[in-house]
Amino acid sequence: MIKRSREAKSSNLNSQSYASSSWCLNELVEILKCKETAGQIVMTIFYKVDPSDVRKQIGKFGEAFKKTCEGRRTQAEIQSWS
């Protein structure tokens with residue numbers, strides 16, 4: 001998927017459980033890197049989640065994010081997701 005993200009215009013789907021997957025969060029970091037370095041257009045789609053919950057890391061999205069971050073991630077990785 002990272003290769004596909006680098007080669008194409010990207011879209012990103014955020015749902016309530018998106019933040020429960022470190023793999024998804026790492027993919028998002030790669031997508032955003034491609035946006036910055038290659039000038040790709042990124043379209044974010046929010047599915048059954050309020051965009052402000054994602055931005056502020058609150059609600060069900062925030063709960064999932066906190067669980068993913070707890071005890072098994074480095075601060076650098078967590079910072080890259082924020």
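Backbone N, Cα and C define each Cβ position, glycine as well.
Listed features, source TrEMBL:
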DOMAIN    1-82  domain 'TIR'
REGION    1-20  region 'Disordered'
COMPBIAS  10-20  compositional bias 'Low complexity'
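Taking H, G and I as helix, E and B as strand and the rest as coil, DSSP gives the domain 'TIR' (1-82) the counts 50 helix, 12 strand, 20 coil. The domain 'TIR' (1-82) scores a mean pLDDT of 81 in the predicted structure.
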